[in-house]
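First the structure, in the form of structure tokens, and then the observations on it.
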Amino acid sequence: MSEVTNARPATWYVDGTVFTEEGKIEGGHVLVLPDGTIGAIAAELPQAMEENTRIIPLNGDLIIPGFVDVHVHGGNGFAVMEGTYEHLDGMSRFHASRGTTAFLATTGGAGTGEEGNIAALKAAAQAAEQGLSGAALAGIHMEGPFLNEKRKGAFKVHELRTPDLGEMGRYIAAAGGHLKLITVAPELSGGMELVRFLQERGVTVSIGHSDATFAEVSEAVRNGVTHTTHHFNGMRPLHHREPGVAGAGLILSELTTELIADGVHVHPALVKMLYEVKGEMNVCVVTDAVHCTGLPDGLYGRQRVSQGTIYLDGTETLAGSSLTMIQAFRNVLEYTGLPIEKVLPSLTLVPARQGGMDSRKGSIAVGKDADFLILDSELSLKATYVQGKEVYRNELI
């Protein structure tokens with residue numbers, strides 16, 4: 001009896017504007033292999049093709065790498081901290097419809113202690129191994145709990161703790177090898193030891209919700225910190241006599257700076273400045289989206305959505321964002337005036353690098369996962385592909 005297989009055929013996506021790490025190819029073609037990887041990128045189609053190869057014409061549409069979001073808590077009513085497959089799958093579908101092809105499920109807050117964090121980590125690890133129906137869950141970002149209450153933002157004080165290597169070890173065990181990024185305040189007692197502990201275990205360490213001085217940030221960098229969490233937000237600001245975390249992120253070349261590019265968390269003029277100072281290979285655009293992203297104005301638990309901005313109810317404190325990666329992409333283009341090929345790395349290759357997945361994601365390149373988007377000339381999202389599989393199509397275009 002012959003074996004029945006449902007393998008997808010090889011597919012050429014032809015006559016598109018293809019954006020690669022080297023630049024763009026007008027009228028270019030991309031071959032996606034049955035295993036979901038990219039087999040070829042060409043300016044001319046081959047004379048001979050394998051039998052059953054599909055050809056999909058793009059008629060000049062853009063083919064860009066799928067966006068990678070390393071800081072996202074939820075969306076469309078779904079949340080990482082709910083600790084269930086259904087919530088993780090729901091947010092993966094929502095964000096795929098907004099251009100995200102891979103993400104780090106980001107923990108933090110929700111009023112939970114160690115037990116809640118461990119439950120969320122275990123659920124995310126299981127979902128990463130099982131696979132989701134939208135964007136790929138490529139790992140976990142822990143935002144906290146070792147953060148400075150002076151820069152707590154929307155966190156509650158009781159959710160934050162002094163660094164504890166025993167507790168951190170339990171989190172690493174619960175994550176089952178999927179912990180890729182963690183936000184800490186290294187100036188806390190035991191913070192530098194924690195940084196070294198994490199760096200030795202291959203976890204990208206980010207400084208955030210921190211009141212560190214420039215000297216303390218510099219020490220943290222020497223110990224292994226390479227990233228800042230939502231730069232300018234939740235950190236000691238720049239002052240001409242004390243550069244703080246914000247200034248250190250601009251000055252120290254070892255640091256890649258996260259950016260919530262919604263025009264609310266960071267003024268558009270500072271978005272432009274950040275790109276000019278750091279360069280597109282050291283800016284990491286994120287959404288910091290929470291469960292009520294994509295929902296209408298209203299009150300959702302402790303969070304209030306008002307005209308697309310999310311606040312802690314009863315305050316003017318920002319509590320995550322309602323940003324999506326496709327909107328962040330358009331915003332950065334508008335705020336900076338840079339061309340598409342200059343902006344793309346900060347939403348694709350840089351976050352993939354910081355999340356430890358750039359060997360297979362973050363760019364359109366032979367051998368990498370076929371994670372890509374089809375956009376029209378107005379930068380409207382037409383379709384999202386994850387490992388060669390269409391996970392979203394805009395039926396209105």
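If you go along the chain as it appears here, the first residue is 1 and each next one adds 1.
Note that Cβ sites are derived from N, Cα and C of the backbone, with glycine treated the same way.
Because TrEMBL annotations are produced automatically, they should be read as predictions rather than curated entries.
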Per TrEMBL, which of Glu143, Glu276, Glu280 sits in the Zn(2+) site along with His209, His230?
Glu143
Listed co-binder of substrate (same site as Ala154, Asn233, Gly234, Arg241, Leu318, Ala319, Gly320, source TrEMBL) among His141, His178, His265:
His265
Out of Ala154, Arg241, His265, Gly320, the binding-site residues in the record, which is closest to His209 (Zn(2+) binding site) when you go by Cα distance?
Ala154
Ala154, Arg241, Leu318, Ala319 filtered to the binding-site residues whose C-alpha is within 10 Å of His230 (Zn(2+) binding site):
none
Non-local Cβ contacts of Leu318 (substrate binding site) (under 8 Å, 6 or more apart, same chain)?
Gly153, Ala154, Asn233, Val264, His265, Thr309, Ile310, Tyr311, Leu312
So how many other Cβ atoms are close to Asn233 (substrate binding site), meaning within 10 Å of its Cβ?
21
For the binding-site residues His209, His230, Arg241, His265, work out the Cβ neighbour count at 10 Å and name the residue with the minimum.
Arg241
